[in-house]
Amino acid sequence: MWGVVDDSAEEPWHELWGLFRPDGDVSWQHKALCAQTDPEAFFPEKGGSTRDAKRVCAKCEVREQCLKWAIDHDERFGIWGGMSERERRRYKREHRERA
């Protein structure tokens, strides 16, 4: 049947994943500058430049929350909080050794 679409059934999925919830642990994402930028810059092909993404991150007011989220969730792809996956691994290792 064609007609009005009931989107209310999708809302539980948003809550499940913590999306679009002001009280969720990703509430900072709506302030992220990367949300206004080409996402491909943050997920470059192997060997591709990360410079543009890191430049955006450097100006972003939620960079620290973004980096913490990526580290806490073991994010393995892309630039998060101004760091590549390799840089995040090194950061985690260095901070673990200091603790």
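Any Cβ shown, glycine's included, is placed from N, Cα and C.
Straight from Swiss-Prot, the features:
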- 33-90: domain '4Fe-4S Wbl-type' (DOMAIN)
- CYS34, CYS57, CYS60, CYS66: [4Fe-4S] cluster binding site (BINDING)
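Non-local contacts of CYS57 ([4Fe-4S] cluster binding site) by the CB criterion (under 8 A, 6+ apart in sequence, same chain) comprise LEU33, CYS34, ARG63, CYS66, ILE79, GLY81, GLY82.
Counting other C-beta atoms within 10 Å of each candidate's C-beta, the binding-site residues CYS34, CYS60, CYS66 are led by CYS66. Same-chain residues with CB within 8 A of the center of the CYS34, CYS57, CYS60, CYS66 CB atoms, the [4Fe-4S] cluster site residues themselves not counted, are ALA32, LEU33, VAL56, VAL62, ARG63, ILE79, TRP80, GLY81, GLY82.
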